[in-house]
Amino acid sequence: MSQANHTSAVISTERVLSSPPRKVFAAFEQPDRLAQWWGPSGFTNTFEQFEFQPGGRWVFVMHGPNGANYANESVFREIQPDTRIVIEHIVEPWFRLTVTLTARGDQTHLAWDQEFESPEVAAKFRPLSATANEQNLDRLQSLLASEKS
């Protein structure tokens, strides 16, 4: 796990997952599985629209553990099976999330790059996003591990 420098508009992290890229990619493309792990610890999701294709919309509500609801709307900009997903979050705060999957034997190196519109906006969200992104990947890792059993 590593973080980009703090003058960048990008908040990055990476993780090696004990599953091949196909299984990691499937955890993104299958909405029932994605809803199980998307978001920080304690969050649940209600997906209203999920079109996993380039130009497809993803509209959902994240339900926080404090009872607050967070409306989200994104567009899938690029999908390369088993290797790359680019999602543009089109409501405030705008960002582009690029997920890159690279095979490492029977494991996957996942790079998670969240690009905001400016370094200033990234600086504002970095304290929350950096932690939330790690929790998101913890949840993905747990889901994948539970499916191996």
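Every residue gets a Cβ built from N, Cα and C, even glycine.
Record features (TrEMBL):
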{"type": "DOMAIN", "residues": "19-144", "note": "domain 'Activator of Hsp90 ATPase homologue 1/2-like C-terminal'"}
In the domain 'Activator of Hsp90 ATPase homologue 1/2-like C-terminal' (19-144), how many residues does DSSP assign to helix, to strand and to coil?
42 helix, 52 strand, 32 coil
Could you pull the average pLDDT for the domain 'Activator of Hsp90 ATPase homologue 1/2-like C-terminal' (19-144)?
97
